[in-house]
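If you check Swiss-Prot, you get these features:
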- 1-19: signal peptide (SIGNAL)
- Cys41-Cys55: disulfide bond (DISULFID)
- Cys48-Cys67: disulfide bond (DISULFID)
- Cys54-Cys82: disulfide bond (DISULFID)
- Cys85-Cys92: disulfide bond (DISULFID)
Amino acid sequence: MKTILSMLIFVALFAAIVGNRWNLGYGIPHKQVKLPNGQLCKEPGDSCSKRDECCKADDQKTYSSGCAQTWSAMEGGFVRECYICAVESSMC
């Protein structure tokens with residue numbers, strides 16, 4: 001019983017941590033470009049301070065990208081993260 005409970009907790013934590021990046025559009029094809037400051041653009045799920053730092057989707061007609069404030073249980077508050085989502089999605 002203890003082993004099963006431990007496995008369930010592990011799976012739940014793994015899904016919460018890994019699933020968060022996928023919810024932010026990590027699996028959507030995007031362009032990895034160099035910014036004017038010489039750094040690469042930030043991928044979905046990375047922390048950001050403004051929209052220009054984030055990578056843009058390959059298909060910009062279907063997908064929108066940017067930097068938005070989201071809740072982070074690990075940080076214990078709100079953080080700003082890059083995202084890519086479908087324009088037609090109600091979550092975007």
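From the backbone N, Cα and C atoms, a Cβ is placed for every residue, glycine too.
On its own chain, Cys67 (disulfide bond) has Cys48, Ser49, Lys50, Arg51, Glu53, Cys54, Arg80, Glu81, Cys82, Tyr83 as residues at least 6 apart in sequence with a Cβ closer than 8 Å to its own Cβ. Its Cβ placed at the centre, Cys82 (disulfide bond) has 25 other Cβ atoms within 10 Å. Calculated from their C-alpha atoms, the gap between Cys55 (disulfide bond) and Cys85 (disulfide bond) amounts to 12 Å. The secondary structure of Cys85 (disulfide bond), as reduced to three states from DSSP, is extended strand.
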